[in-house]
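Asker: The region 'Disordered' annotation in Swiss-Prot covers 1-22. The phosphoserine feature in Swiss-Prot is assigned to Ser2; the stated evidence is similarity to another entry. Residues annotated as symmetric dimethylarginine in Swiss-Prot: Arg4. What Swiss-Prot records for Arg4 is citrulline, and it gives similarity to another entry as the kind of evidence. Residues or ranges marked as N6-(2-hydroxyisobutyryl)lysine by Swiss-Prot on the basis of similarity to another entry: Lys6, Lys10, Lys37 (among others). The annotation compositional bias 'Basic residues' is assigned in Swiss-Prot to 7-19. Positions annotated as N6-glutaryllysine by Swiss-Prot: Lys96, Lys120, Lys126 (among others). The N5-methylglutamine feature in Swiss-Prot is assigned to Gln105; the stated evidence is similarity to another entry. For Lys119, Lys120 (among others), the entry in Swiss-Prot reads N6-crotonyllysine. Taken from Swiss-Prot, the feature ubiquitin cross-link covers Lys120.
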Amino acid sequence: MSGRGKQGGKARAKAKTRSSRAGLQFPVGRVHRLLRKGNYSERVGAGAPVYLAAVLEYLTAEILELAANAARDNKKTRIIPRHLQLAIRNDEELNKLLGRVTIAQGGVLPNIQAVLLPKKTESHHKPKGK
């Protein structure tokens, strides 16, 4: 009976990623590796990369949703850096978070100072009183 290998026993379960266990799209394993290699601390807990991946995924989804709205407002189907810039700068909290960030090819927000706008003239039809 030699040479038959193992008989029976439990079949190994299909590998399940930590991202799928947490219900995330962002890679928990890669975030964990980067936290370990980045010399942020001597040890990294099991929950830290899951939490960080979830935060990064949430922020990305938020920015992409606002950028998609900006693209749709401009009648475009492709998000370009200008749409990202408009999305971030028009949102108060994202603008505060990414205030020191420069987006290449993002342009600036359209803004004209009120004093530079032409004066409002009164209507030409004044009632003539006696």
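Placement of Cβ uses the backbone N, Cα and C atoms for every residue, glycine included.
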Asker: Treating G and I as helix alongside H, and B as strand alongside E, what does DSSP give for the compositional bias 'Basic residues' (7-19) in helix, strand and coil?
Answerer: 2 helix, 0 strand, 11 coil
Asker: So among Lys10, Gln105, Lys119, Lys120, all listed as modified residues, which is physically nearest to Lys37 (N6-(2-hydroxyisobutyryl)lysine)? Use the C-alpha atoms.
Answerer: Gln105
Asker: Which of Lys37, Lys120 (the modified residues) has the most other Cβ atoms within 10 Å?
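Answerer: Going through Lys37, Lys120 one by one, the largest Cβ count within 10 Å is at Lys37.
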Asker: Which residues of the same chain, at least 6 positions away in sequence, have a Cβ lying under 8 Å from the Cβ of Gln105 (N5-methylglutamine)?
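Answerer: Sequence-distant Cβ neighbours: Ile80, Pro81, Arg82.
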Asker: Out of Lys10, Lys96, Lys119, give me whichever of these modified residues has the highest number of other Cβ atoms within 10 Å.
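Answerer: For the modified residues Lys10, Lys96, Lys119, the Cβ with the most other Cβ atoms within 10 Å is Lys96.
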